[in-house]
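Read the structure below first, then the notes.
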Amino acid sequence: MGEKLPEDLASLSELDEKSLLEVLTGRFTQNLIYTYIGDILVAINPFKYLSIYEKEVSGQYKCHEKKSLPPHIFAVADRAYQSMLGRLATGPKNQCIVISGESGAGKTESTKLLLRHIMELCKANSQLEQQILQVNPLLEAFGNAQTVMNDNSSRFGKYIQLRFQNSSVKGAKINEYLLEKSRVVHQDEGEQNFHIFYFMLAGISMEDKEIYGLLDPTRYRYLNGRFGKEDVVHAWRLKYAEVCNAMDMVGFEEQEKVDMMTILAGILSLGNIAFETTDSDALKVSEASRGWLKATAGQFGVQEEDLLKSLTCTTSVTRGEAIQRLHNQQQAEDARDSIAKVAYGRVFGWIVSKINELLAPKVDCDVELSEIGILDIFGFENFAVNRFEQLCINLANEQLQYFFNHHIFLMEQKEYKEEGITWETITYKDNKPILDLFLTKPIGILSLLDEQSAFPQATDRDFVDKLNSKFKTAPNFEVVRNHTPLFTIVHYAGKVQYNASGFLEKNRDTIPANIRELFINSVTPLLSVLFAATISRTGTLMPRKAKLQVADDNFNSTRKQSVGAQFKHSLAVLMEKMFAAGPHFVRCIKPNRSKQPDQLDSKLVMDQLRYNGLMETIRIRRDGFSWRPKFREFAERLVSFGLFSFSCMSILNSTQLSGWKCGSSRLFFKYWHQEELSRLLERLGRAALVIQKSEERYLSLLEEIRRQRQAQREREEREEEERRRQQLEDERKRRLELEQENRRPASPPVPLPRKHKPEPRPRSVLTSVPKAAHLMPVPRPRSKLFEATPFDNELNVHLDAPLMLQPIDEERMKEKHLKKTNTIRWFKETQVRKLTRDGGFPCWFHGMITRRQAEDLLIDKPLGCFLLRVGQSREGYTLTYRGADRCRHYMVEMQSNGKYVILGEDRAHSSLTDLVQYHTQVGIKPFMELLALPCGQMCDQEPDYEELKDFTSSLSSAVERPAEDQDMDTGSHKVHLEMQRLFLPPGGSSNPESHKPPVLKRISDRRRRLETAPMEHKDDDPTGESRPFPRLYPSIRLAMREIQQIQQQSQDQIPVSSSKALSSWKRTGE
């Protein structure tokens, strides 16, 4: 191990570029990729896996002290979470974490690590936490792609808002920005389409490929006729399984998934449609691509003729008259690519909208929620050819750099001057003139782009000429003399030359009216929803409500904004949210351009340090004051600790903090003061709590002593009063006796005769004597052993009311019974058919038994034995597992889409059988316990479920016929009869067949045989439900056969190599 390198660059004794680079390089070679600049984190992408992300390391960064642990991304998450809760010497406030850096610097991975740690910090054993964690892999598959700079480049921006109530997460919202839709139809050399296309083609089964209409990946023009090697394809196959599981976990329905995959297949098929001219100069689809047209129509759920018409001509209505204009070949290809881009963009927007709907906070509207936002936006890009997408991406990075400069330099130094703090101004590279160049109205670049886009006849060359005339003297704009429409912008990160070809068309992003109408009337419900939806001012997809249909149509047609205007507005909304929150910065650095581990290009790293302004950042963090609360804010924080009788200054002077300053209305602290003061306040709070408790205990003791003394006095007074009253009563009686004695006449005493012993009576006399009433036997007290039995809590229902230890809460018992009845109804209506196999339940299913009964069944079973049971008070299941030292109970929830999930797990299952089978191979978290042996229906002690199989066969048929037709087994076993009684509807008879005439019995038997016959020939579907298919599945199958026949015929007629055939086919497609 080398020498100890500083963890905080603000502590460097000598600050220059050489020493800064030496520290970062030395730490990188030791796999120390994180370094602080005060409270700012610098992260260098290692391009490899490191052990610093294990669960044990994550546990160390929970409410930790900054100095006690090395710099880490987990520390940023912990600081943001504690600041949101108001635990770091500040009041509760919304927080945001800004992750910035160029493409390939590691922003996406940092986002996933931040999310994971925040979910660990707020862990409340909620399935919502796992659902939020599954959002990232889902969005990555649909929004990321391989570029020359990054294998997993985000081709969109996202701002994740986590909503909290107190310390528990209650929901999440995703804001997405500017998806690069043009990638669907075109990729430069060395780049790929969006990940989902490759995942789908690699991971989907042969049977599903036939269902969706997918063929060999090398046939698709939108994939450039290329696919991956075997090891890459295997990785894609695993990724596809992760995406499907993520959709199940978040809550997507099966039919929605099928429709979405069918639309994606339709986009690929659409790209293979080629056009050729006829003798009359009209367009037609080439013979080789007729099958692709038919396949696309089937996958999109529209008529083949209508789709062809929308591709080859445009219909407009002028003064009530419909006019058709025929397309040339280029216009038809543009229309084809436009449909593909819009369809994919709306699928992505719908996924984000669906996620937001499923993860929305389920709390009352008046409940105030706290928030942590995480910004993961595309990094700065400078390719060989930079287009409209790169312009918007680099504009977003300019906006983030301005936010960083404003928060770190501009606002801070302005407050020093206003508060009279002695300060030597630090100069920094202000990029506000570049933002003005883009955003100023009416002569900014985006405003001029919108102006030119409004003219149908305007060209990209006209737009560039307009820029050259307006900005030829601007310092951040350079004119490029070329026949190609080019211009150069001097960004904060360097010069970037843009090719304006396609700028106007991409900015308009229009959908022909006939195409939109065609897809709104599609028989695929999802596609109809996508094209009927409206687009908000920020570019967000908004599903249409029925009552707003007319307004939405008007919004779509007359108020549609350009892509540039939407992006500008979305950036403004984003900045407004971030300026209102407490920011935390993560600056990601890319070590080399070859994406290799353990290699650091000093020049590349130094360039990033310079344009990010890290030298100036280190200087202001070292010399400046990052925490600057107002007097009132600081005093309110002290009042929460009961220090309202002291002034802020006296408190601070007693803390022995050094280096802080006091302004005219603010206090100025170094970045480390916040944590030290928080620690002191926490210690002070604990001391105050001890004092408060001691004071309360002392006061309560005094009160108790006073109360006891008062009670003693009152008791003595009552006793004295009673004694006096008794004395008076005795005196009165004595006087009365004396008076009576004096009135009696004097006479000698007469002796009384002695009584004789009574004679015994005859037996006949005893019969006439009435018998004494029968007395209830006095119950013997229960022993301790009896009270400790597992079923003791159920025995009190058989005791008389006077003998019960506690009175029964009738309302509580009624509510408990209602929950149990609702659970039984839920099980019978939704679960019986899914769970029964071959007329019975699996051996590991034990119906509705209590927790103690389950433990009693497993108490003498071997390690790994398990059973599943129905929850008694909720709609769900519980998996009881025989562990090494005790029985564990795992809650199994059924999600809204019918998938089963063990609470806390990150995998959804289509059936309970799949869940059990999966966890025989993969352990259940957190103890990683494997299901080894199912607990059968036989047991040496009560309860015994030997006859449950017969009972379940009647249950499975009970779902399919009325209650009066059920053929219930009337076995004598008491547990079996109890289970029958439990699952019967209220008031139902346990043996309805016994009251039926023989004729009705035969009719019900025949009906039962007819109903069960189709089930015997049904496919082995564990869920018991029919599988969803694309709406026009037969048309898709026919089209696939036609394509394969044409391909076979062409191979027979032209025996050339497949690669030449592919290239020639691509040329005709282009």
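Cβ from N, Cα, C; glycine included.
Just so you know, TrEMBL annotations are computer predictions that nobody has curated.
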Study note, to complete from the structure: Between the ranges 341-363, 571-593, TrEMBL assigns region 'Actin-binding' to 571-593
Review point. Who are the long-range neighbours of the compositional bias 'Basic and acidic residues' (711-744) in its own chain, taking Cβ under 8 Å and residues 6 or more past its ends?
Key: none
Practice item. Quick one: average pLDDT across the domain 'Myosin motor' (4-682), no decimals. Key: 87
Exercise for review: May I have the DSSP-based helix, strand and coil counts for the residues of the domain 'SH2' (844-935)?
Suggested key: 15 helix, 30 strand, 47 coil
